[in-house]
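Q: This is the structure I have questions about; it appears just below.
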Amino acid sequence: MVLPFQAGVLDPGTLPMLLVVAGLLLSLAEAIAPGANFIVVGVSLLGAGIVGLAFTPLASPFALGLFVLVFGAIAFYGYHELDVYGGKGQPQTRDSESLTGVTGRVTERVTETDGQVKLDEGGFNPYYSARTMDGEIPEGTEVFVVDPGGGNVLTVESVAAVEDDIDRQLAVDRERTADDDAGTTADGDDAGTGVQDDDATERERA
């Protein structure tokens, strides 16, 4: 099978131009509907297309495919780690059930009206706007999602606060158990003393 490039039907600069156009269209789609659904692919296609146009000997389909992968990896890392897209804390839509119980860290102080967290399993963009039910949660605190709020604004709670509540409840249960054991022992001692008194009384009568 003879490819169009091999047959000379298409100019060598056609494929890079197509990549540039596709990259621009995807970037435009991302700008119209934010959410990082297209930005990485758009940047990778755009980067590979520009390289192909600038360096014609590198415009072969195989080379351009490699450039797409390279630019895609760079774009993914840049977006995910450096937040070059500026998407931190922006409202997002995700399956709310998948967010319930997910842990993360506070990146901006969380109050009852404002805040931001970075979830450990937050998907492509792990930064979410967050609120707390009561009080404030300082930056750097480990939290977990109590109410995903449809994936837009999360309600979170401090992991340490919940652990403290659990520890207090366990301490109360231990004290209650100790008191019950002490009461049972005391009842047993009283019963034993009563039997001894009855035996002594019977011996005196005899």
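Each Cβ is built from the backbone N, Cα and C atoms, and glycine gets one as well.
So TrEMBL lists these for the protein:
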TRANSMEM  12-29  transmembrane segment
TRANSMEM  36-55  transmembrane segment
TRANSMEM  61-79  transmembrane segment
REGION    166-206  region 'Disordered'
COMPBIAS  167-179  compositional bias 'Basic and acidic residues'
COMPBIAS  180-206  compositional bias 'Acidic residues'
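Give me the structural setting of these features: burial, nearby parts and distances.
A: Cβ atoms under 8 Å from those of the transmembrane segment (36-55) belong to residues 13, 15-27, 29-30, 63-65, 67-72, 74-76, 79, 85, 87, 124-125 of the same chain, restricted to positions at least 6 beyond its ends.
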Q: Within the same chain, where does the transmembrane segment (12-29) have neighbours whose Cβ lies under 8 angstroms from its own Cβ atoms, ignoring anything closer than 6 residues to its ends? I mean 6 or more beyond.
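A: For the transmembrane segment (12-29), the nonlocal Cβ contacts are 5, 37-39, 41-53, 56, 59, 61, 64, 68.
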